[in-house]
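Enquirer: My questions will all concern the structure given below.
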Amino acid sequence: MTEAFARAKINLTLHVTGQRPDGYHLLDSLVVFADVGDRVRAEPAEALSLAITGPQAANLPVADDNLVLRAARTLGGQGARLTLEKHLPVASGIGGGSADAAAALVALARLWQVPLPDPAAVLKLGADVPVCLEGRAVRMAGVGEILTPLAAPLPEAWLVLANPGVSVPTPPVFKALARRDNPPMPDDLPGWPTVESLAAFLATQRNDLEPPAIALAPEIARTRAALAAQPGCLLARMSGSGATCFGLFAAEEAARAAAEAIGAEHPGWWVAPARMVG
């Protein structure tokens, strides 16, 4: 048996800078990961199969077009018994499906002792799959295929992730964008020796998908506000196309206290404190 961890992907920034003739949007995003996520296990078997377990399993029925199965087929036609232990909410802006696909590629490559697919094949699985396969802090550009490591490591930090239980499909959010030619981040990103300096930089940047997502799901604004109101929260923003929002914290104690407070006030929300992985 082999196993791989599918960490939540967090867009600290997400600038939509253009649109290609084929309809794909051009992005400029500072991406990190949170130390919370799903797990993919792979065991030898004659045929390819998938079972989904975990607290979010009921929200993701097994289907033939599941990204985990699509990733497996990208590696070849061998058999395996796959189990996806689902902890991240579905269609929530933190790359759950893409992270699961990347984890499936890693687990199956080990099980079958085959190389990972070429970058073009990985990108065909989804725009976020390449960055999830990378699994570290990068600047993501193009349609998700241009990944540039950061010049300096990010400071130690904590995140609180909160999702109000609303599923936000990505296409309507992009369709509702007011404009698609927004400015990118600076060409040269500064170093961030402290969490406070990182938060100050992020405050000058954007998630261009946040306004249209809030128009479609006003609960996102309430989620962001709940995070921003917590003691120690340096910045609150939506990740990806929503509806999950993150709060950035310097201290683990403050992050855990914030997650507990939000969870108590909003028992129907999915809330998780997590170390930021850069």
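A Cβ is built for glycine as well, from the same backbone N, Cα and C atoms used for every other residue.
Found this in Swiss-Prot, in case it helps:
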ACT_SITE  LYS9  active site
ACT_SITE  ASP128  active site
BINDING   PRO89, VAL90, ALA91, SER92, GLY93, ILE94, GLY95, GLY96, GLY97, SER98, ALA99  ATP binding site
Enquirer: When you measure from the Cβ of ALA99 (ATP binding site), which residues in the chain that are at least 6 apart have a Cβ under 8 Å away?
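Expert: Listed in sequence order: ALA6, ARG7, ALA8, LYS9, GLY37, ASP38, LEU88, ASP128, CYS132.
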Enquirer: Taking the Cβ of ALA91 (ATP binding site) as the reference point, list residues of the same chain whose Cβ is under 8 angstroms away and which are at least six residues distant in sequence.
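Expert: Non-local contacts for ALA91 (ATP binding site): GLY97, SER167, VAL168, PRO169, THR170.
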Enquirer: Give the three-state DSSP assignment (helix, strand or coil) for ALA91 (ATP binding site).
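Expert: The three-state answer is coil.
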Enquirer: Which are the residues of the chain, PRO89, VAL90, ALA91, SER92, GLY93, ILE94, GLY95, GLY96, GLY97, SER98, ALA99 excluded, whose CB is within 8 A of where the CB atoms of the ATP site average out, their centroid?
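Expert: Other same-chain residues with Cβ inside the cutoff are ALA8, LYS9, LEU88, GLY240, THR244.
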Enquirer: Could you tell me which three-state DSSP class LYS9 (active site) falls into?
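Expert: Where LYS9 (active site) sits, the three-state DSSP reduction gives strand.
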Enquirer: Hey, what's the Cβ neighbour count for GLY95 (ATP binding site) at 10 Å?
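Expert: Counting Cβ neighbours of GLY95 (ATP binding site) within 10 Å gives 29.
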Enquirer: Highest Cβ count within 10 Å among the binding-site residues PRO89, GLY93, GLY97: which residue is it?
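Expert: Selected residue: GLY93.
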